């Protein structure tokens with residue numbers, strides 16, 4: 001089976017589905033048509049550029065270029081994560097960047113060296129797509145975890161201060177917030193693993209089958225991808241929250257409200 005190409009007319013027919021979507025949003029007075037249209041236009045431009053320059057990055061396949069591109073992906077993910085968590089960028093971008101980069105780099109190299117067993121672990125056409133898969137999921141879990149942590153820190157501030165007054169350290173006082181934030185952030189990953197194959201066919205598996213791969217091979221790749229996504233998301237989540245505990249409170253152990261957007 002060869003992968004069926006999508007013609008320009010096919011793309012146009014696909015984009016036509018946006019029109020009734022816009023109409024329904026307008027009819028229901030949901031108020032996000034402007035955001036929807038801008039998002040679709042951004043998607044078209046961004047993916048167009050990605051398709052163009054990834055072609056040349058794959059052809060060049062230089063280790064420094066590949067790593068630089070992955071770092072750039074992580075940087076954009078870090079900025080997006082902080083913005084969507086309603087936190088201030090200035091003080092948190094570096095810890096967030098580090099908490100995403102370290103687990104992602106480790107898992108990518110482990111995947112390429114031990115699981116796929118490539119001769120070149122920095123091979124662009126594997127390294128970059130796998131990084132993208134992981135970062136998309138890491139971003140979602142980190143946003144949920146950060147929002148949950150700081151929401152609980154504000155909501156339960158009196159309880160937190162009481163624990164401090166009773167002799168608890170900062171880490172001991174925020175431990176319930178940390179546990180709940182990690183559980184909430186990781187819940188979608190766990191639910192996805194529990195229902196994969198029954199409720200839906202994941203993207204990697206679907207893409208490989210459409211590309212002509214043997215379904216058994218596609219299943220093996222999908223299993224490994226879900227494992228590395230969970231591993232990376234969990235460790236990134238924990239690292240980011242530990243940084244948040246350090247940055248989110250002042251030297252008197254009070255919540256640092258300068259980090260919170262009004």
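Heads up, the Cβ atoms here are built off N, Cα and C, so glycines get one too.
If you look up TrEMBL, you'll see 6-28 (among others) marked as transmembrane segment. Same-chain residues lying 6+ beyond the ends of the transmembrane segment (6-28) with a Cβ under 8 Å from its Cβ atoms: 36-37, 40.
Sequence annotations record features per position, and here TrEMBL assigns transmembrane segment to 40-58 (among others).
Within the same chain, residues 57, 88-89, 92-93, 96-97, 100-101, 104-105, 108, 122-124, 127-128, 131-132, 135, 138-139, 142-143, 146 sit at least 6 positions outside the transmembrane segment (64-82) and bring their C-beta atoms closer than 8 Å to a C-beta of that stretch. Residues or ranges marked as transmembrane segment by TrEMBL: 64-82 (among others).
The annotation transmembrane segment is assigned in TrEMBL to 94-115 (among others).
As annotated by TrEMBL, transmembrane segment applies to 127-150 (among others). Long-range contacts of the transmembrane segment (127-150) within the same chain, counting only residues at least 6 positions beyond its ends with a Cβ under 8 Å from a Cβ of the stretch, are 54, 57, 66, 69-70, 73-74, 77, 80-82, 84-87, 96, 99-100, 103-104, 107-108, 111-112, 121, 177-178, 180-182, 184-186, 188-189, 204, 225, 228-229, 232-233, 236-237, 240-241, 244, 248, 259-260.
The transmembrane segment feature in TrEMBL is assigned to 190-211 (among others).
What TrEMBL records for 223-245 (among others) is transmembrane segment.
Same-chain residues lying 6 or more positions outside the transmembrane segment (190-211) and placing a CB less than 8 Å from one of its CB atoms are 3-4, 133, 217-219, 221-222, 225-226, 230.
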